[in-house]
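> Please read through the structure below; I'll follow up with questions.
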Amino acid sequence: ASLEERCNRILRDMEGSLTARDRVGIQDFVLLDAYTSESAVLDNLRKRFNENLIYTYIGTLLVSVNPYKELGIYTKKQMDIYMGVNFFELPPHIYALADNVYRTMLTETNNHFILISGESGAGKTEASKKILQFYAVSCPSTKLLDNVRDRLLLSNPVLEAFGNAKTLKNDNSSRFGKYMDIQFDHMGGAVGGHILSYLLEKSRVVHQNHGERSFHIFYQLVEGGEEDLLRWLGLERNCQCYSYLVQGECAKVSSVNDKSDWKTVRKALSVIEFSESNIESLFAIIASVLHLGNVTFVADSQGYATLNNSPEIHWLSKLLGIPAQVIQVGLTHRKIEARSEEVLSPFTVDQAVYAKDALAKAIYGRTFTWLVNELNESLANKDSSRKTVIGLLDIYGFEVFSVNSFEQFCINYCNEKLQQLFIQLTLKSEQEEYEMEGIEWESVPYFNNKIICDLVEAKFKGIISVLDEECLRPGEATDMTFLEKLEEKMGGHAHFVTHKLADQKTRKTLERGDFRLLHYAGEVTYKIFHLQVMRQSKNAIVKHCFPSTEPDSKKRPETVATQFKSSLVGLTEILMSKEPWYVRCMKPNEGKKPGLFDDVLVRHQVKYLGLMEHLRVRRAGFAYRRRYEIFLQRYKPLCPDTWPNWKGTAAEGVECLVKHLGYKPDEYKMGRTKIFIRHPRTLFATEDAFEVCKHELATRIQAKYKGYRVKGDYMRQRQAATKIETCWRGMKARREREKRAWAVKVIKRFIKGFMTRNQPACVDNTEYLAFVRQNYLTRLKENLPKTVVDKNTWLTPPPIMQEASQMLRKLYTRHMVRRYVQGIMTERKAQLQIKGLTSSIFKGTKENYPHSVGIPFVDTRISKPHTFPQYSVPVVKYDRNGFRPRFRQLIYTGSAAYLVEEAKIKQRVEFNNLKGVSVSTLSDNFLILHVQCEDIKQKGDLVLQCDYLFEALTKLCLVANKHNFIKVVQGSVKFDIQPGREGFVDFKSGQETMIYRAKNGHLMVVSMKLKTVWPFNSQNEQIHFLNYY
Ligand SMILES: Nc1ncnc2c1ncn2[C@@H]1O[C@H](COP(=O)(O)OP(=O)(O)O)[C@@H](O)[C@H]1O
Ligand SMILES: [Mg+2]
């Protein structure tokens, strides 16, 4: 799986570069056709640098050019963009590399390291910080993990304070090599860390070149330290007071703020959980170095160094906890072990100064080591579960100065080792892939620097071996004897030259005391090392300070070189077990200026960083490889046989495709699962063809796709419509069915109810009957009779409502009557009462009575009413003899009725004397007043005809206060003409009204038969009458 992933990585690498190659320059040098040309590489770097594109790949190696300005490409947003995205899909970036390493580690659960190299000031430390920051943001976060993350991040300012200094090249130059492990759990959370430091430049403590400073921490302490602390340490707040701080004559640097850096460091120290007592001791030692620097010696009479009772000794004694006496002796004497005895031999002033400086360096060096150990203690993850790590190696690249000393030798040796590591790891993986694919391994034309490594480190034969021997050899070893030894041993080695060994031409460039190594990155000429420096100093004071760490004195002491060699071997072991990733940093100019690209300087770095070698190894063999499936998938549109689908195996498809494209046989090889293409240009041609083809295809696919989409939409809509329709119909049908079922039930119940309606109340008929009742009552409500006389409109009730109907009808009638009665006026009431009386007299007796009902009664019928107020009406009086009609007025007073002719009373009838009144049953208007006649002089009964018969008679009843004296007589009425003499009025019906004296001497009254028959009872008559109004 790991190999597979690696292959994929390479593939992605290619693809990304292909699509991006049209941008500024190319993003990946592997695809540079002129990959052996330094100028082409340089051109590409320059082109990109001018567009602020500081990153470029060589495969998975990242080349970074220091922009010396803020580019705004390290924001949280940028981090998000690069998180979890395929390496080559985005422009090259340090985050892409960091993310890719992290993801590979998680998927392959193996260990990785990122080697960051470059000259001082090229941006290595910045790059490593960027990587750390990226992990701090992108890794999973919990409270616990955040704590680790903070410690990891804060270990940086602490290490930088103690290990960085301002140099001419870099205001914050790391003066040590640093390897930092970040440990991750299986979920990708950062759970711990470990730091290894290499080659701290201790000499800086006692000496700085002009324009440079000692380590930051000294200045931070003096500038930023709290008053109390400084007093306790015996320090002044003035860097000028300390000779170790003013060697370079630039204690102040504009780009560095010592005061605020001090605060950062103090805060970091407490977060990392340094105890207060440890912090105190730490600064006591730092202060003691400053005091030591101010110690001066004077020569005594014999020329030996003595201390004049300087206050520094007091402070040193206090801060280091060593008796002043021991310090005094230690600083001025060398201890010589002779057999079992220790002999003190005094120093000259020069020797004492040298010893003092050596002491300061040793103290500082060991303090730094202690600090790193403390940091490791704090970063350590005590959990024993399996972890994977990403190592960050921030170490100087090749250093070449006009004068190169032992330090440069170590650094360059280190780079030589790292190059060897790279070759081994890269070639190994290449070879593995070739073997897997069954492709013949072709030897690659690159330079293997193993020979140089051997030259330096080989046992017994290597430079370091020789050096050790010379240092430890008893007797007088000098620098020159060392050189001679080297010449003796290395003579003839292709990569080693000295003045003596060199040919005529080369000799001119070499001093006698120099030797030259031909490193893989170029030649470097070293000054022969001072053996004095190589030897490990043994100092009584150091022993006091660091008793337990002092190496076993019985053991053969190691030289600095051997120590370094073994630490490098250790480092190589650490790295060999991990997957390598590379960041190569470069600086564009020496002046720390933005936007300035110094061709000479960059060309120099391209060379010394081994970029060309790296590129060559990367390009050895085949530049491009890709799984058949993927290759076919991408390029199949280029061949009619493979487009749109290839039926056979992918390998056959690819074969067919490349034949069609015209690949030459030596341009590619078919592996087991992959095609290998030798030159990028072959691939570019294919890619260009694909680019053209893609546009055509895109248009076609677009059209197809659009059609497909539209059709799809249409189908979906239609389906949806059908579905909705079906659902709707179903629902309607269900509702209809429910309604029908319900109706059937209701109808059934109705029929059953109907059939059982006459049975006593039971389950079957209650509902029906309730319905019938309600229905009847509702209908009745809407169809109530409007008036009392309206007899036919009362709704016929169903049988069960018979009784209720009757009661209701009665109630309602009464209600109507009451309403009516309440509504009528007093006059009307009186009128009606009179009419009632009339009715009681004549109803059913006299034929023309009904006609009178509708005509209201008045109080007088005479136009000019007399003083008699009661009643008056015109009448026709028939003579008792001869029955001649005469017009008269009949007037009632309170006591009598008068028959009057134009104000002349013809007859007066006392009501007391009124015996009765006779009328016929027929339609005539005759009335006969029967009068009591005791006196002959008195006139007899009155035969009268009155148009207002009923009125007149009713009034009479009222006025005379007589009841039952009106007789309705059938046939003829007998009356008294005179007392004792009778007359008759005969009544009969006929065709026309006639009144005449019949032959028998009777008055014959013929009245017309009235057709109207009155069916009403008395009540109705009244109502009927009322309706006339
Ligand atoms: N990516 C970068 N962007 C902006 N400035 C940078 C970048 N890398 C480095 N620098 C500048 O260059 C200076 C030196 O970088 P540094 O990482 O300390 O160099 P090195 O560790 O290689 O000696 C930094 O202090 C910073 O000002
Ligand atoms: Mg650095």
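Each Cβ is built from the backbone N, Cα and C atoms, and glycine gets one as well.
The ATP binding site feature in TrEMBL is assigned to GLY118, GLU119, SER120, GLY121, ALA122, GLY123, LYS124, THR125. Here TrEMBL flags 25-691 as domain 'Myosin motor'. Summarising the annotation, TrEMBL assigns domain 'TH1' to 829-1009. What TrEMBL lists as region 'Actin-binding' is 568-590.
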> Other Cβ atoms within 10 Å is the metric here; tell me which of the binding-site residues SER120, THR125 scores highest.
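Compared across SER120, THR125, the most Cβ atoms within 10 Å surround THR125.
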> Please go through the binding-site residues GLY118, GLY121, ALA122, LYS124, THR125 one by one and keep those whose C-beta falls under 6 A from any atom of ligand 2; give the result in sequence order.
LYS124, THR125
> Counting across all protein chains shown, how many other Cβ atoms sit within 10 Å of the Cβ of GLY118 (ATP binding site)?
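Taking every protein chain into account, the count is 27.
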> Mean pLDDT for the region 'Actin-binding' (568-590), as a whole number?
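Averaged over the region 'Actin-binding' (568-590), per-residue pLDDT gives 91.
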> Taking the Cβ of GLY121 (ATP binding site) as the centre, how many other Cβ atoms fall within a 10 Å radius?
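I count 22 other Cβ atoms within 10 Å of it.
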> Within 8 Å of the Cβ centroid of the ATP site residues GLY118, GLU119, SER120, GLY121, ALA122, GLY123, LYS124, THR125, which other residues of the same chain have their Cβ?
ASN66, ASN170, TYR396, GLY397, CYS585, LYS587
> Around GLU119 (ATP binding site), how many other C-beta atoms are within 10 angstroms of its C-beta?
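For GLU119 (ATP binding site), the count of other Cβ atoms within 10 Å is 24.
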> Only counting partners 6 or more residues apart, tell me which same-chain residues put their Cβ under 8 Å from the Cβ of LYS124 (ATP binding site).
ILE116, SER117, GLY118, SER174, ASP394, ILE395, TYR396, GLY397, VAL583, CYS585
> How many other Cβ atoms are found within 10 Å of the Cβ atom of GLY123 (ATP binding site), counting all protein chains shown?
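Excluding its own Cβ, GLY123 (ATP binding site) sees 24 Cβ atoms within 10 Å.
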